[in-house]
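Copied from TrEMBL, the annotated features are:
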- CYS96, HIS98, GLU132, HIS157, HIS354: Mn(2+) binding site (BINDING)
- 177-272: domain 'Peptidase M20 dimerisation' (DOMAIN)
Amino acid sequence: MDWSELERKMVDYRRHFHQYPEVSHEEVKTREFIKRELILLGLTPLSFSGKDVAADLQGTKSGKMVAIRADMDALQVEEETDLPFSSKNKGVMHACGHDGHMAILLGLVHFFVENRERWSGTIRFIFQHAEEAVPGGANDIVKNKGLEGVEAIFGYHLWQPLPTGTIGVRSGPVMAGADKFRIRIFGKGGHGSMPNETVDPTLLAAQAITQIHTIVSRSLHPLDQAVVSIGELKSGSTYNVIPDTAYLSGTVRQFSKKISKQIHERLDKILAGICLSYNGRYELDYSYGDSAVVNDEALCFLMKEKAVELFGEERVVDIDPLLGSEDFSCYTYEIPGMYTFIGVGKDGSPYGHHHPKFDIDETMFVPSVKLISGAVIDFLERSRCDANNISNNLRNSSTFN
């Protein structure tokens, strides 16, 4: 494998995607570019939802099927990096690394096409739309049988908080589930000089915000991890008029549906109590989102071993659970999966994900291909037993003794 040539290709891919970002559900030109590249590599593009791009590649021998997924969508962010390949689409930017994710997955396609003799089975490459949306594009792929026949799935995130060359792994829950809620509070408007004749929805909203922020500290078990945040508050349109309504929206991050339900119920009680006290009324729309991303223990063991082999034990860390969410959870809910964090923290840059000056370290593209391809090949070559026994199969392998 000519790694320097593959690196050049991946850098070119990444910079093309970075210049022409597209937001969730609108990844049209991105999709067409990927299709053309897959065809040039001898693969037949397919789509499960009409918005994703996928392709299957068979090895030289029969075996199990494994999937590798990358996300395609960008964010509504005005870029401020001043890079020579900055976004040409005003107000849209690849500010989360998805441009790099796609470049790496295309690099993996190159690798597996050139090295078919090294592995058995089938690899499904999934370029997924709308990861940043709620619900995310993974839901569409799962509903349309995108995981049919797939035994395991691998995903990854180029991660700015980790220094370049560091790999973050964790077994079990690794990224939180995300719910969202909308609250409309109804009062009675009137003149700002006569609040006694009104039911002030702004006051009710303020009371609600204060009490909502006590849910985690006073209603959940101290060992339960969750975050409840209000991101939007709208009330009134001028300084001297008390409005009729106020509007709130927010997010809940958690690691179990049980906690989601507890928070939903507590929200309802808080709003009911406040509105009863002030003669208002409310509507609560609570949307249960994706589950937490849960890494399979055996796949995590395999990935960690491969990472230690390639990067050294000192560069492989057990990453703490993150309260950010990822619709990769839709896959890990259905089949065993492994979501890996690849450090690309560039020269100590302070600009994190979703920042207009966010950037990634492109030198990690080739190491990423080596890591993920190695783990995938190990899985395919060591999983000739029943999927339920893969954990024992991996641990009993002499390679890991």
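Each Cβ is built from the backbone N, Cα and C atoms, and glycine gets one as well.
DSSP assigns HIS354 (Mn(2+) binding site) to coil in the three-state reduction, outside any helix or strand. In the domain 'Peptidase M20 dimerisation' (177-272), the DSSP tally of helix, strand and coil residues is 36 helix, 36 strand, 24 coil.
Secondary structure at HIS98 (Mn(2+) binding site), taken from DSSP and collapsed to helix, strand or coil, is helix.
In sequence order, GLY97, HIS101, GLU326, TYR339, THR340, PHE341, ILE342 make up the list of same-chain residues 6 or more apart from HIS157 (Mn(2+) binding site) whose Cβ falls under 8 Å from its Cβ. Across the domain 'Peptidase M20 dimerisation' (177-272), the model assigns an average pLDDT of 97. Excluding CYS96, HIS98, GLU132, HIS157, HIS354 themselves, the residues of that chain whose CB lies within 8 A of the CB mean position for the Mn(2+) site are, in sequence, ASP71, ASP73, LEU75, HIS94, ALA95, GLY97, GLU131, HIS353. In sequence order, PHE17, ALA70, ASP71, MET72, ASP73, ALA74, GLU131 constitute the residues six or more apart from HIS98 (Mn(2+) binding site) in its chain with CB-CB distances below 8 Å.
There are 13 other CB atoms within 10 A of the CB of HIS354 (Mn(2+) binding site), with all protein chains counted.
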